[in-house]
Amino acid sequence: MAHIPEVLPKSIPIPAFIVTTSSYLWYYFNLVLTQIPGGQFIVSYIKKSHHDDPYRTTVEIGLILYGIIYYLSKPQQKKSLQAQKPNLSPQEIDALIEDWEPEPLVDPSATDEQSWRVAKTPVTMEMPIQNHITITRNNLQEKYTNVFNLASNNFLQLSATEPVKEVVKTTIKNYGVGACGPAGFYGNQDVHYTLEYDLAQFFGTQGSVLYGQDFCAAPSVLPAFTKRGDVIVADDQVSLPVQNALQLSRSTVYYFNHNDMNSLECLLNELTEQEKLEKLPAIPRKFIVTEGIFHNSGDLAPLPELTKLKNKYKFRLFVDETFSIGVLGATGRGLSEHFNMDRATAIDITVGSMATALGSTGGFVLGDSVMCLHQRIGSNAYCFSACLPAYTVTSVSKVLKLMDSNNDAVQTLQKLSKSLHDSFASDDSLRSYVIVTSSPVSAVLHLQLTPAYRSRKFGYTCEQLFETMSALQKKSQTNKFIEPYEEEEKFLQSIVDHALINYNVLITRNTIVLKQETLPIVPSLKICCNAAMSPEELKNACESVKQSILACCQESNK
């Protein structure tokens, strides 16, 4: 028998009046309960409970009495509240409703600060000649005709060819212009499954899955395969869709320096050693997350080194190839073909967009058959978002056939991309003001202000901007207005305006939603080329853009 310390009493004394009162209450309560069917079971429960813990009986009785009193008091409370309500006539109620002004959904100060962005957004009205468009801005107050378009992501322009147009017309006649709903609820038609097969065949994977919106593909796929306790190691310059995917994954996320394989290996080695010491009950899923051609900088991910590291440390590789599919490789098959590697073994999950080089809309995911099957029951965007219209799907199937039979468009695009890059990278007059961050193989050229020029003109650095963003995020401020950043955005827009007004050339700023960004980023200009341009057209347009950059930068120095 266990020894009982002397400090504990052998019994807890109960005051006599409590014992007497409880005895009378129990006697009469017992008489009442014995007259009720099933009451003997309640009596038996109370006896056992009271024998083990007398105070428990008191607490339970008190709670029962409180519940009865609370229930009985509710009707009276309702009556008192009803009496306090003003007796208004219908006319008075209508007058109050008419006078009521709801609070704005958006902070008016934020609307004023962002209004210039809306005014500067171009709207395409028509395209009489390929790559030459008519646009309007600021609610039709500005109109520009015969503008040379260097802002389109339709890199191959195959969707604008007659064979694809004929396929689209036929599909609309046969299928109409919309889908019935999500894929699992009669949204998918035969053409959707045909395109999934075509994508898998073209890119050399076991399967593929279509998504209605390319922006939602990554944020739906990655969370479908991760949970709490899993580990993700991501590049610190991934785009907003991938950032959303990381936030929704519920995993522990680590970042390595942009395209720095030494930084990545050090981090992978550290995590592997940490896992050995922790002796986890289950092996976590582990992913390396990066992009093929980076959305915000245009440079290239080193796939061979990434594949070696993911095999060495037993990680899976997730690559967003929104801007590399249709652009890289001899036949436009993306990052793996560019490095002469087998996609099925090099990359575990590939996310792509049909709204860029393929010239349609929506997104897709490539991988093995098990991964594809799991998405159909576990990916939110696949299960709950509406399917693509049939004509957008058949157009991509036709584009893939054209790419497979003839790679002239891809080869032309790659030559123009290199020419675009060399035109700006080799110009010494620009080096004091802007730097080219893109790879020569990227169809999108990114121009950022040099750190020295940004610091001199706007008084901040990329690191300082990120620190300010992080501080605002900790304060839960959704309206992230940072004046130096806004001034730089307006300055870059002045370059866009100068090229448009003086040379009829349309370029664009890199669209950044600052309040959504969670990683370091700075504004940049974007210049896009496509396979339908002639080398001479592109050269002349590049010269015009360079003149606009020099004019605005030199003017600001005065």
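From the backbone N, Cα and C atoms, a Cβ is placed for every residue, glycine too.
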### Query
In Swiss-Prot, which of the ranges 50-84, 155-189, 225-259, 260-294 has the transmembrane segment annotation?
50-84
### Task
Identify the topological domain of PHE41 and of PRO122 in Swiss-Prot, and say whether both name the same side of the membrane.
no
### Task
Run through THR121, THR450 and tell me the one Swiss-Prot describes as phosphothreonine.
THR121
### Tertiary neighbours of THR121 (phosphothreonine) (same chain, Cβ under 8 Å, six or more apart)
ARG137
### Query
How would DSSP class THR121 (phosphothreonine) in three states?
coil
### Task
Pull the DSSP breakdown for the topological domain 'Cytoplasmic' (458-558) and write it out as helix, strand, coil residue counts.
61 helix, 8 strand, 32 coil
### Message
Based on DSSP, tally up the residues of the topological domain 'Lumenal' (372-424) by helix, strand and coil.
### Response
45 helix, 1 strand, 7 coil
